[in-house]
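Residues or ranges marked as transmembrane segment in Swiss-Prot: 1-21, 25-45, 60-80, 95-115, 124-144, 149-169, 178-195, 200-219, 242-262, 274-294, 326-346.
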Amino acid sequence: MNPHATPVLVLSLALGTTITISSNHWVLAWTGLEINTLAIIPLISKSHHPRAVEAATKYFLTQAAASALVLFSSMTNAWATGQWDITQLNHPTSCLLLTAAIAIKLGLVPFHFWFPEVLQGSPLMTALLLSTLMKFPPLTLLLMTSKSLNPALLTTMALASAALGGWMGLNQTQTRKILAFSSISHLGWIAIILVYNPKLALLTFYLYTIMTSAVFMALNKIKALNLSMILTSWTKTPVLNATLMLVLLSLAGLPPLTGFMPKWLIIQELTKQEMTPAAMAIAMLSLLSLFFYLRLAYHSTITLPPNSSNHMKQWYTSKPPSTPTAILASLSILLLPLSPMIHAIV
């Protein structure tokens with residue numbers, strides 16, 4: 001790829017995202033989503049590997065179908081109510097179509113099949129964009145229409161996402177697929193609270209973005225595409241691996257770390273809404289994800305690859321430190337004590 005193309009594509013992603021999140025008209029929102037889709041496809045297929053081309057094709061087909069559904073939903077609503085305003089989605093069929101369209105775009109169960117395959121075929125930094133930035137515009141549309149959405153449908157999809165995201169991640173050895181199922185599981189937590197407290201859903205997404213970005217950047221630094229590559233990276237980058245372990249435990253939602261905050265607040269909010277069974281179910285389903293996060297953490301720090309007895313360990317980092325990774329990792333680990341302030345601001 002031409003070196004000048006990447007900045008243009010990244011700027012196009014920023015433009016598409018900005019158009020969608022700032023628009024109040026369905027056609028403008030749809031335009032932003034289309035710009036995003038067209039900008040990310042060259043980044044997915046950058047390596048010209050058959051798997052990358054396959055991933056780009058799958059991504060294009062699913063996103064095109066979802067965009068068509070968004071347009072159809074908005075046209076149905078405009079036909080019935082005479083409104084093109086995003087917040088005025090009142091027609092029941094339009095609400096159902098929009099929920100399906102956004103679920104396809106986000107990769108919520110049962111429309112999740114494309115997401116792990118596309119992530120597996122993408123470079124690590126493109127996979128980071130797909131897991132974080134590309135989910136922001138569709139999620140914004142869900143937040144803007146949250147008053148009109150069906151709570152029972154979203155709760156069902158959320159619980160299914162948490163279950164399937166945890167279950168399918170158990171036997172994976174590829175880091176990108178593990179993080180894809182982790183993303184599906186986290187989307188379940190966001191979807192279950194979206195109708196009742198949209199601001200809390202947005203906070204959960206922000207914290208998920210910080211933690212996932214830290215993991216992807218650390219994996220990109222050590223070039224770890226599967227578990228065995230993480231296993232052999234400990235001798236080269238011990239500090240980065242130890243940090244990666246803590247960030248993974250934070251993603252799992254263990255108490256002293258940042259990732260515990262959104263889970264705690266969501267369970268508290270669900271209990272207030274008298275949805276204790278749903279809160280219990282999603283809390284229990286998060287144990288499935290905890291297993292594969294622990295396995296990743298175990299591989300990154302606790303186990304060492306088999307070496308001969310005269311093998312010299314390299315107790316120095318072979319790669320220069322990265323400031324963005326350090327900042328994101330610190331935020332992923334240390335924000336829990338600030339949770340009252342963060343919750344008050346949000």
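Heads up, the Cβ atoms here are built off N, Cα and C, so glycines get one too.
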Q) Looking only at residues six or more beyond either end of the transmembrane segment (1-21), which have a C-beta under 8 A from one in the stretch? A) 28-29, 31-40, 42-43, 46, 129, 133-134, 136-137, 140-141
Q: Mind pulling out the one from 25-45, 95-115, 200-219, 274-294 with the most Cβ pairs under 8 angstroms to the transmembrane segment (242-262)?
A: 200-219
Q) Thinking of Cβ pairs under 8 Å, which stretch from 25-45, 95-115, 178-195 has the most of them with the transmembrane segment (124-144)? A) 25-45
Q) Who are the long-range neighbours of the transmembrane segment (95-115) in its own chain, taking Cβ under 8 Å and residues 6 or more past its ends? A) 33, 58-59, 62-63, 65-67, 69-70, 72-74, 76, 89, 130, 135, 138-139, 141-142, 145, 148-150, 153-154, 157-158, 160-161, 163-165, 180, 183-184, 187-188, 191
Q) Any residues 6+ beyond the ends of the transmembrane segment (200-219) with a Cβ under 8 Å from its own? A) 124-125, 127-128, 131-132, 135-136, 139, 143, 175, 179, 182-183, 186, 189-191, 193-194, 225, 230, 240, 243-244, 247-248, 250-251, 258-259, 261-262, 265-266, 269, 322, 324-325, 328-329, 331-332, 335, 342-343, 346
Q) Going along the chain, which residues at least six beyond the ends of the transmembrane segment (178-195) come within the CB cut-off of under 8 Å? A) 106-109, 112, 115-116, 119-120, 127, 131, 135, 139, 142-143, 146, 149, 151, 154-155, 157-166, 168-169, 172, 201, 204-205, 208, 212, 215-216, 251, 262-263, 266, 269-270, 278, 282, 285-286, 288-289, 292-293, 296
Q) What parts of the chain pack near the transmembrane segment (25-45), using Cβ distances under 8 Å and only residues at least 6 beyond its ends? A) 1, 5-6, 9-10, 12-13, 15-19, 52-53, 55-56, 59-60, 63-64, 67, 70-71, 74, 77-78, 84-86, 105, 118, 121-123, 126, 129-130, 134, 137-138, 141
